[in-house]
Amino acid sequence: MTSTITRKEDGEGSVQVKQDPKAQIQEGALVIAVYGKGGIGKSTTSSNLSAAFSKLGKKVLQIGCDPKHDSTFTLTHKMVPTVIDILEEVDFHSEELRPEDFMFKGFNGVMCVESGGPPAGTGCGGYVTGQTVKLLKEHHLLEDTDVVIFDVLGDVVCGGFAAPLQHANYCLIVTANDFDSIFAMNRIVAAINAKAKNYKVRLGGVIANRSAELDQIEKFNERTGLKTMAHFRNVDAIRRSRLKKCTIFEMDSEEEGVVEVQNEYLSLAQKMIDNVEPLEAEPLKDREIFDLLGFD
């Protein structure tokens, strides 16, 4: 039976499904949740960041939290079955599953899981994410993991898709140098602050993606207390790597911009390993963003 908790227990104005303590990822692993506006490039960013961590010698697990289940295909070079699909095949008797049924090895040893989701208009994606973590723990698949990356659906900040924040140490927000992306980022900051009242998650910073300039992002950062951790310009090799179903680390290093992008991902991964300082950011009111951004 599902139970709810009071608003004050889970952040101001928030009523969430209470998480089973047994589903928590144990201390020791660095857990990162990647959020951002829908279509901003979170899956590409997450997969390349996972690859970068693996290049630095870390054991990495990436969990895709989108019903589209396309988070990890540049790591595995294919679309893999989702946890929810596999569970349905065994009538949700998880004891009948083997790890290889739902976890797949990708580029440079990165382990990949796609949680999937319920059919459109039904169920809760957050529940699916919770069941995925529970399944991984039941099979002792998190015990030797150094880094866990949650790639989260769009800019939805409801109780369901805020579920990864209950596991994460840090949240990274992917944005572009435009109003819509920054507006979505502001909402995500508010959601993280609500969760941070009772969970360990903290803001890690901003990843600027597909952006030649940073002026609007930096203007927002200055007002809110955020910080840009990495900057990826609109390099065509990134787009083509996704079409080739591979990470940026598998692209020809002679191609324009490839080495620069690889180094930026490696730098970001190293910053996260070095225990990045949590940020204390305050979101703006909607009207304040309208007044702040853009040109007169």
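Positions of Cβ are set from backbone N, Cα and C atoms, glycine also.
Given the structure is predicted, the values throughout are model-derived calculations rather than measurements.
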**Asked** Which one of K59, K68, K195, K227 goes with G39, I40, G41, K42, S43, T44, N209, R210 at the ATP site, as Swiss-Prot has it?
**Response** K68
**Item:** Least surrounded among the binding-site residues, given as K68, R210, when other CB atoms within 10 Å are counted
**Value:** K68
